[in-house]
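Right, one structure below, let's go through it.
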Amino acid sequence: EPETGRKKLSSHGRKRAAKRRLGAGSGPAGKRPLGGGGGEREPTGQTARGKSGFSDGNSKWLVPAKAKKTQPKGNHVELSSDGEVEEGSWEMEEEEEDGSSDEMVDDYGASSSEEEELLPIEKSALKQKPDREGLSEDDSEEEEEEDEAEEASKQKMGQKEEEGPDLQLNVDIDEQFKLPTSEEIEKEDILFIYLHVIHQRIQGNMEVLQDFREKREEGRSRQEYLALLRRDMAAYYSYSDFLLSKLMDIFPLPELVNFLEANEVPRPVTIRTNTLKTRRRDLAQALINRGVNLDPLGKWSKTGLVIYDSTVPIGATPEYLAGHYMLQGASSLLPVMALAPQENERILDMCCAPGGKTSYIAQLMKNTGMILANDSNAERLRSVVGNLHRLGVTNAVVSNCDGRQFPKVLGGFDRVLLDAPCSGTGVISKDPAVKTNKDEADILRCAHLQKELILSAIDSVNAASETGGYIVYCTCSIMVEENEWVVDYALKKRNVRLVATGLDFGKEGFTRFRDRRFHPSLKCTRRFYPHTHNMDGFFIAKLKKFSNAIPQARKDEEPAVEAAAPPAVPDTSTAEPLPKKKKLERSKAEEEQKLPQPALKKKRSLQAQKRPLKA
Amino acid sequence: SEKLLKLAASVPRESLVAPGTCFGKFTKSQKFRLSVTALDFLAPYAKFKVWVKPGSEQSFLYGNHVLKSGLGRITENTAQYQGVVVYSMADVPLGFGVAAKSTQECRKVDPLAIVVFHQADVGEYVRNEDTLT
């Protein structure tokens, strides 16, 4: 029987079925209640329910709506959730969610075993039954609030069934939501309906939050909206709650959506020309001849190219194999540009695998000087070696030490690049697993390691070097704990100060974040995001070391050792021993007293920098 | 270079992976086997060169020998079994090889005969990344 059957029936189908069941006599009767019930759902509803309803077989599915909700539900969210056109059309007529939902339930209640289980309307209807028992059928929004609160407290993210009533309730809250109009879309795939609805709800919620004073629902707090938004976003974009809360702290809401959307899409493939072997336009020409569609990366880079599409695999062209270019993310070019290595310098790259930045440093130095490329992971070092050989880098020594051993192994470098191991929250588009597998402990562990590494990096630099004394600290993460906090820690613990990175684009780093306050010079650091710059999330800080002494004088011998370390002590460093002696005298020097000294040293180090330029 | 070596000496032995660029390895029988990583250094000095047509470039990069049909140009007076550097038509060095036939013979043989034995090619960077020195 169609009525008790498993099929979805159109309105015509149902009418026909009804006719068939009842025979000619009750045909008109059957129709009339339909029309009548449709026309005056509310009044007749109760009564019709009270009496035997309709004597025809329609009673099973034609149950009048309870007037559970008041008018302001101008909402067609139910509409959208319906899988049925005619339900929608009925809705249009009467604007009664419940009726349709009830009808839906009755219609499909029997056959709700399979795919209909997911129908939110179904679920909402099912929910309403216990709800009906639990709560009185008030129209009061207070009830709905409680309901919603109950839902919120009961629900876990995975239980989508319970979202149904929230759906309705939320629509009550956020009346001005733009509601989806065409039911046909939702017919196609139930899961899509569901995500689509969540998406709509997110957007509606955000609209309300933007203009909270006007658009809010009476009696509902901002926290509730935010909580719902968080849950929705976590479900829609598949993030863990922890990570999403962190992101909500960092980004304002509209930007957050952009960020999340950008993480779903991979960043464009970019390559870096190896200027040791070729020129950018020659390379571009050669690749175009092979059938690659490319463009220069931007004004800020002279060696980058972005690949739009290609008929040949970019990682296997003869040019690649000949070492003319390197596949590298655009954001990885930035720390090396900030580092600005000069020729004949000694540079340390503490976490170099797979060697992209190292080779860029080498090409900027034109294979002069010396680079120590270090990584603690031996397997990844093989790719470093391969890349360096392929690209024709001759001035690199590759080593496999733990970065924290550094000044002991070899110190006195001119510049150090520290691309610290991080939680990877800036490269979610490359590794979606990060969305769910990072938690508080991971982030803190990373931060701890990064702090140790940055101190080692700072200690490995010779502040007295003529052309250098710089450390560039960068991570591919956007978390404040791993970025600003680590740099702030370094500022407190060592004689370094932040300098401008030389990158004129990118967002400035945070100088304060929630309850933490950082040093104001953190404005010089730069943050890059996938949604604003179309490159991987990145953080770059450039530090200048102005003294080889280690503050706090916890080891009085250390300053002396450091002073002896630099192999060639240029004239400008004669100023260094004097302040150091002063430090040794006042072994318990306060931080403030050191400030005048840095000022002195600043001038000298600036002079030191200017000298090579002039020369 | 020497300076590099001296600096590399300060890294503990277990940790040192590669100072500078590796040219090749010594085999058990005291022979020196040149590896592709030496290509950049040797290519400019090569006296005998072989140019390969674009079509068989890829084939050489996969490790196959060069057939007569893929041969573009070859330096005059190449002796048989002479070590050669293989180039693409765009003068991009592709690898090392050994001439299977002298230049004169190359003119006479049929198109499917091998003219250059493959020894090392840049494709190995991708294929044998792990075993590269």
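Each residue, glycine too, has its Cβ placed from N, Cα and C.
The region 'Disordered' feature in TrEMBL is assigned to A:1-170, A:554-615. The compositional bias 'Gly residues' annotation in TrEMBL covers A:24-38. Marked as S-adenosyl-L-methionine binding site by TrEMBL: A:Cys351, A:Cys352, A:Ala353, A:Pro354, A:Gly355, A:Gly356, A:Lys357, A:Asp375, A:Asp402, A:Asp419. Under the heading active site, nucleophile, TrEMBL lists A:Cys476.
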Recorded positions (A:Cys351, A:Lys357, A:Cys476), the one with most neighbouring Cβ atoms at 10 Å: A:Lys357
Inter-residue Cα distance where the pair is the residue listed as 'active site, nucleophile' and A:Ala353 (S-adenosyl-L-methionine binding site), in Å: 14
Length of the line joining the Cα atoms of A:Asp402 (S-adenosyl-L-methionine binding site) and A:Cys476 (active site, nucleophile), in Å: 20
Rounded distance in angstrom between the Cα atoms of A:Gly355 (S-adenosyl-L-methionine binding site) and A:Cys476 (active site, nucleophile): 15
Other C-beta atoms that fall within 10 angstroms of the C-beta of A:Asp402 (S-adenosyl-L-methionine binding site): 15
A:Cys476 (active site, nucleophile) versus A:Cys351 (S-adenosyl-L-methionine binding site) - Cα distance in angstrom: 13
Helix, strand or coil at A:Lys357 (S-adenosyl-L-methionine binding site) [DSSP, three-state]: helix
Diameter of the S-adenosyl-L-methionine binding set by C-alpha atoms, the set being A:Cys351, A:Cys352, A:Ala353, A:Pro354, A:Gly355, A:Gly356, A:Lys357, A:Asp375, A:Asp402, A:Asp419, in angstrom: 19
Local Cβ density at A:Ala353 (S-adenosyl-L-methionine binding site) - other Cβ atoms counted within 10 Å: 24
A:Asp402 (S-adenosyl-L-methionine binding site) - helix vs strand vs coil (DSSP): coil
Alpha-carbon distance [A:Lys357 (S-adenosyl-L-methionine binding site); A:Cys476 (active site, nucleophile)] in Å: 13
